[in-house]
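For reference, TrEMBL has these:
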BINDING   Gly152  FAD binding site
DOMAIN    256-420  domain 'Acyl-CoA oxidase C-alpha1'
ACT_SITE  Glu405  active site, proton acceptor
DOMAIN    455-632  domain 'Acyl-CoA oxidase C-terminal'
Amino acid sequence: FNPTTQNGIPDIPSGPLDIYRKKASFSWKQMLQFLEGDEIIAFKQHVFRTLESDPLFARQPGEDIPVEQKRELAFRRCKQLFKYDFVTRDDVMQNPWKMTILNDCLGMYDWSLGAKYFLNKGVSPFHILLMLCLSEFVISSPDFEAAKFWVGNLGKTATHSVVFAQLYTPDGQCHGLHSFIVQVRDPKTLLAMPGVMVGDMGKKLGQNGLDNGFAIFHNVRIPRENLLNKTGDVTPDGRYVSPFKDPNKRFGASLGALSGGRVGITRMALVNLKLAVTVAVRFSATRRQFGPKEDEEIPVLEYQLQQWRLLPFLAAVYALEHFTRSFCMNFVEFQIGLLMKDKSDRQAELGREIHAMSCASKPLGSWTAQRGIQECREACGGHGYLAMNRLGELRDDNDPNCTYEGDNNVLLQQTSNYLLRRIESPLETVNFLEDMNSILQRKFTVGSVEECMNPGVPLAAYKWLVCFLLGESQRKLFHEKSSGLGDFEARNNSQVYYCRSLAIAYIEHTVLQRFHDLIQDEQTPAALRSVLGRLCALYGLWTLTNHMAILYQGGYFSGRQPVDFIHTAILTLCGQLKDDAVALVDVIAPPDFILNSPIGKADGELYKNLWSTVMQGKNVLERPSWWAEFCSDKPAVGSLRAKL
C-alpha cells in the first residue's frame, strides 16, 4: 500500500462521525484501493463529478415528480450520457469491468436512468414465435397471451428490439430459441410499424422514469440478416446450420449467453444494499438515545441490538462485493469464448455452470437487499420513513430484482436441476461434492466461541449442508417417482425443504468460499485481513443460522453448544466490527450528491442536514391551498347525532 496514492481519493468532511473514524482498525482508503484499484477509483470520481456539475442532473431529496415528467427527465439525462460517452468500445475491450462500474454509478444516482441508458446501448429482449420464409422471417404472436410485457423502453420510446423467438424452418422443424432484431416503431414519428401493436403498461411501484411496455406481432416480416447467428444460422435456401454439432452444447452456450441479465441484477441488488447500509450505519453512529448515565446519551450503534440488526448486512455487502466482481469476470470469460467461437466441451459446461450460479445468485442478492433495506429503514426509526432519506425509494427500486429475468423461487429450480445432474464444473463450485461421502461423516467439533469465529468453521458447515441437501433431494425425487409420479410431478413435489434449500445453500457456500479465498490470497494486504476475516466469519455464521434445523436434522449439530457458540460468536463479531462500521461504509459510499440522503451524509451532521432539507421543501411553511374549506362550513359538534 502506497500512501502517496491516497491523494487521488478525496478526504471525507470532518464532523460527528470522526469519533468512529478515528477508532477504525484499518485505513478506509487502503481498503478502497485494494477493492477497486486506482483506475476504477478515478473512473468513478470522473462519472460522479460530471453528473454533479451538470445542472440537468440536479435534484432534491425526496422530490415528488409526476410520471410523465420523470420519463422526460430520464430521457433527457440519457441523451446527455451518450454525449459524455463515459465508456468507449476500446475501454470495454481493455477493461470490461468498467461497464459494470458505470452501471453501478448510474444506478446509485437513479436506476430508471441506468436501465434506460443500457437498454439503449443494446436493445430490449422478449420472446415470440418466428418462421422462416426463405429470404425473410415472419414473426407472429399466436394470441394475446403470447404478448410480452415488461420490456424496458418499449412503452413509449423503443424503435427496435431483440426478439427471442422459437425458430421454425420451412420443413416444419423447431430449432428452439434464437434472437432477432425487429423494428417496432418509426424512428421519425415513434408510431408503431405495420403489424406491430406496442404500448405502455402504466405506473409501477418504482423506477417510473423507465417506460415498460408490451408488444404483439401479426405477420411482421424482417430480413434474414436480422437473425443474431452466434449459435445458429439459416442458409438462403432454408437449411438450419450451427457451429455446435451437439444440440446440448448449443443449448449450454445459449444458457450462458442468457445469464448476463441475472449476473447484472445480482450486482444491482448489491448496489441498493450498499446505499441503504451506508445511510443506516451513518445515522446509527450519530443518532444518540438514552445511555448508562442520565446526563449522557450514546449513539444507537453502541446498542447490541442495533449492531445485530445492521452489521450482518454490512458483512453481506463485502461478501457479495467480491463475489459479484469475480462472477462478472467469469461471465466475461464465457462471452470471450462465444466471440472466439469456442466449441469445446468446457465452453458448454461453463455456460451451464454460469446459468446455474446466476439462477441462484439473483435470488440471493435481491432477497438479501430486500431484507436489508427494510431493516435499515426500520433501524432509522421515523426518519427512515421520510421519502427524502431515500430508503423507501431504494426498497421500491430493488423490489423488481426479485422478479424480472425470472421469479426467484422458480429460478432456484434451475440451480437444483444442475446440482442433481452433477456435470463438469469449470469454475469448481461443485468440485467438493466429489468427497460427498466423507464430508457427510463429519460433525461440528468446535470447542469454543473463539474457534467458532474462524471463517473456516461456517465454510465447513456449508460443505456438509450442501452435501446433505443434495442427498435428501435425490432421495425425495426417487421416492416420488417410485410412487408412480412422472418427472414433472416428482420435481414439483420436491422443491420445498429439499431442492429449493439445496440451491440456496449452494450459492451461499459459493459466495462464502470466494470471500474466504480472498482473505487467504497472498495479495490481500496484511493490514486488511483481520477486518475482512471478521466480516467473512460474520457473514458465514449469520447466513448459516437460517439452516439450523437441517444441521440438527442431519446430525451435524448435536446438543445446545453449536447454537450457543454460533449466537455468541455473531454478537462478539458485531461488537468487534462496531468501531470499524463507519470506515467500512466510507469505502462503499458514493458522494453525498449521489447518495441523496440527508441522514446519510458523510459529515454526520444529522439534524443540521435534516433540518436544512426539510426547510428547502415546497410550501413547507405555507397553509394548504384548501385552507378556506377547512376554516368555513364546519359542522356543529354532535349535529349529525342530533338529527338522527
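Cβ coordinates are placed from backbone N, Cα and C, and glycine is handled just like the others.
Averaged over the domain 'Acyl-CoA oxidase C-alpha1' (256-420), the predicted model reaches a pLDDT of 93. Under a cutoff of 8 A between CB atoms, and with a sequence separation of 6+ in the same chain, the neighbours of Glu405 (active site, proton acceptor) are Gly261, Arg262, Ile265, Lys362. Of all Cβ atoms in the protein chains displayed, 22 besides its own lie within 10 Å of the Cβ of the residue listed as 'FAD binding site'.
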